[in-house]
Structures are given as structure tokens and as C-alpha cells.
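If you check TrEMBL, you get these features:
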type	residues	note
DOMAIN	41-291	domain 'G-protein coupled receptors family 1 profile'
TRANSMEM	27-49	transmembrane segment
TRANSMEM	61-82	transmembrane segment
TRANSMEM	102-121	transmembrane segment
TRANSMEM	141-159	transmembrane segment
TRANSMEM	201-226	transmembrane segment
TRANSMEM	238-261	transmembrane segment
TRANSMEM	273-293	transmembrane segment
Amino acid sequence: MAFGNRSFVTEFILIGLTDQPNLQLPLFFLFLVMYMVTMTGNLSLVILIGLNSHLHTPMYFFLFNLSLIDLCYSSVFTPKMLLNFILNKNIISYTTGCMTQLYFYSFFVISECYVLMSMAYDRYVAICNPLSYNIAMSPKICSYLMLGSYLMAFSGAMAHTGCMLRLTFCDANTINHYFCDILPVMQLSCTSTYVNELEVFVVVGINILVRSMTIFISYGFILSSIFHIKPKEGRSKAFSTCSSHIIAVSLFFGSGAFMYLKPSSAGSMDEGKISSIFYTNVVPMMNPLIYSLRNKDVKVALRITLSRWKLW
């Protein structure tokens, strides 16, 4: 039987973040501001890195891709989330709406996992093996790392969406979330979800646990090397940079693990909605601030770009 004929449901209703009427308008403006900050910050980084040749290095190549992913990532669900705050009933179609949103959400979130891992590897080589940096992080290797990231994201997104399309949805069509996330949609199925739960555990386990462990081990070696740096200024600068990166990575992977790697229930779904705000809204907004505000290269690039615009 074809995937499209397996479901009796043609559309879903998104409950949203909360069903309390007095909170709808304040939350609308809060998340609208967050979305505007996210788009402005990430788009600014993409433009700055693209226009300034001195930022065409491996670290900024990965940061360029991270910002590009966050731009697309936020746009997958935030506009629909904002609509939910001002509409009485937020309806999304089953195939062209919900499954498409699920696919692109999965693609961009898995891409971010691998880009963050590549960035951690870049910092590890730069600090722990600086003499081999130009060889280990050559343009060819950086391109392969990014290609591998997107291929893994494509395969993971296809696995999530393909497994979801095999389920049958009979009568229940109210999703207890503000977008078509995997677990809330899965709960509505009137057929067995054992295969889906196993697939989520394996794919998410690989993408969250394995990647986060790899990243934290890399930063463990980095911190160990930092403590052996003799000049106090160099040590404090390196530690400051790495600590901000660790905070961003912890928020992203920690909130993702809380959502996906625990037993699901109605209560946990409500908790999951809160935790998902961190990896869907807060982290994409924070990334440009964490990776640029304390970075002299980005500040110099911003001054150069602004001076060029003034001359025009």
C-alpha cells in the first residue's frame, strides 16, 4: 500500500506552546523579537564572512554554514509558531505541511549536530596540533566534512520522515506541540510505533549522544592544552572562547537529549515543548552572539564592511 493511502487524517491541528488566551499576545511579540534577532544575527554573519576575505578560514567556513543552517532552521517552524499565537485554530496539512516540516526540521537539526562537531575538531587541531593545522584543515578536508554533514543529515531526515509515513493516523489529529516534531506526531498513530521508536532511539542516539561525546572529549583535550599555555593572556583568551562554545553546545545537545531520549507521555510532551524552545529558538539566536561578539576578527570585518557602505 502506498504511503499516502495509509492515513485517514488529511490535516493536523497544532495546539501550540500554550492554550492560555492571556499569554498568546505577549508570547507572539516575544518570539517575533527572538526570530528577528535570529535572522538579523545569522544573516549578518553570512554576509560578513562572504564579503571579507580575511574571514575565509576553516573556522569561519564552518561558522558560515552554521549561520546558514540556523537561518533555514528557524524559518521551518517559527512562522507557523507565530501564526498559532494569533489564530484560533492552527491547521497544517498532513503531507505537504506536516511531513515536509518534519523532513526539513530533521535535516537542519542533524546538519547542526555535525557542523558543531566539525567546529570542535577545528578548534582541537588549532590549539592541540597547531603545526599540522594547515594540512589537517585544508580546504579539501573542510569541504569533505561539510559534504559528510549534509549527507548524514539527508539520510537521517529521510529515515525519520519515511518511518513516520508508514504510520496510520485514524481519528486523533491534535498535535500537542507548536510544530510537527517526531514524538508528538508519533503519539497520534493508531498503529504500532515500535519500529519508529527504535529508529528514533538509534538515529537520535547517534546524532546526539555520539556527537556530543565527541565534542566534549575534543574540548576536554583543548582545555588540557589551554592550562599548559604559559602567557596568562593567551590562556584566558582561549578559555573564554572555548567556554562560550561549550555553553552553546550544552544547550543544544542537552535540550535535544531531554526531548528525545526519555520515555514519552502527555506530561513529558508538555515538558518537551519547553525544552525544545532551547534548541529551536534560543540556540539559533545565541549562536551569532556567542561566536561573534567576543571575536576580534568579526568586529574588524564589521567595521570594514560599514566603512565600505559609507563610501557608497
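Glycine too: its Cβ is placed from the backbone N, Cα and C atoms.
Bear in mind that TrEMBL entries carry predicted annotations, made automatically and left uncurated.
Fair warning: this is a prediction, and the values are worked out from it, not measured in the lab.
Only sequence-distant pairs (6 or more apart) were considered; of these, at least three Cβ pairs between the transmembrane segment (238-261) and the transmembrane segment (273-293) are under 8 A, so the stretches are in contact. Computed over the domain 'G-protein coupled receptors family 1 profile' (41-291), the whole-number mean pLDDT of the model equals 86.
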